[in-house]
Amino acid sequence: MAIVLGSNRYGKAEVRLVRVTRPGDTHGLVDLNVSIALSGDLAATHLTGDNAGVLPTDTMKNTVYAFAREHGVTSPEAFGLLLARHFVTTQEQVTGARISIESYGWERLGPHSFRRAGDYVRTARIFVTPDGTQVVSGLENLVLLNSTASEFRGFPRDKYTTLAETTERILATEVDARWRHRGDSADWDESFEGAKDALVNAFVNTYSASLQQTLFSMGTRVLDSRTELAEIRLALPNKHHYLADLSPFDLENPGEVYIAGDRPYGLIEGTVTRDDAPPASSEWYL
Ligand SMILES: O=c1[nH]c(=O)c2[nH]c(=O)[nH]c2[nH]1
């Protein structure tokens, strides 16, 4: 019996970068959280402590800041591709790079004033491996609610089922979505905005028999409208809203006052794919 080193990677996580551009009196602001994970021939440091192939994570952090100055940051995807390719091409022992970026939005209040936009976080994940390059864009924390046009009925009942069937309920969720691109070049910002709008429009315009049906509708709308995308994964928590029982106070409650549930919540997850989608890198499935 032998004990061997399994798969491994290393890097700097959560490098916080704010870049201000000052082309004139009207400034620009980019606010990123960048995480780097490199893989390759890294056995020596694990097995013998030989660090000859271990580019310090401190250097990775410095590279993020230096690249922001040298190359600028046009989009999270473009910046991630730049970083991933840099590490894979300049470090012989490094064969794989995963760059994960969260991008926080800021709304303009004036030429040099901004308010943090809290409605969602844009994400980008770049995978450069010996098999090729995979760009995955997405968003998290986008909270959506329909105050009607949602029902849930026709489900099986067993002796533990207490849920009443309903043809009228609130449907609310916090969208966690990621979608993979067919290729490694695109107008990243335009693609992101288009995919986000498709997600939101599908949520708004779908009469929902279940959150599962809404998920498929959201994914379909994204792939229908964005030919550059191959596949989308969605994780949608069902943020339950319970009609408050006001009968002890002799009050009717005709769908007006709700208890916003916290935990537990249903969690509806699914992938929507084109049947001609190119295969995904294994990282997509993690
Ligand atoms: O849209 C829903 N899907 C479910 O699977 C489910 N399960 C449940 O209790 N409520 C709901 N709502």
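Positions of Cβ are set from backbone N, Cα and C atoms, glycine also.
In TrEMBL, annotation is done automatically, which means it is predicted and not curated.
Annotated urate-binding residues in TrEMBL are Thr57, Asp58, Phe152, Arg169, Asn238, and among Gln93, Gln212 the one listed with them is Gln212. According to DSSP, Thr57 (active site, charge relay system) sits within a helical segment. Among the recorded positions Thr57, Asp58, Phe152, Arg169, His240, residues whose Cβ is positioned under 6 Å from ligand 1 are identified as Phe152.
Its Cβ placed at the centre, Thr57 (active site, charge relay system) has 16 other Cβ atoms within 10 Å. Taking CA atoms as the reference points, Gln212 (active site, charge relay system) and Thr57 (active site, charge relay system) are 41 Å apart.
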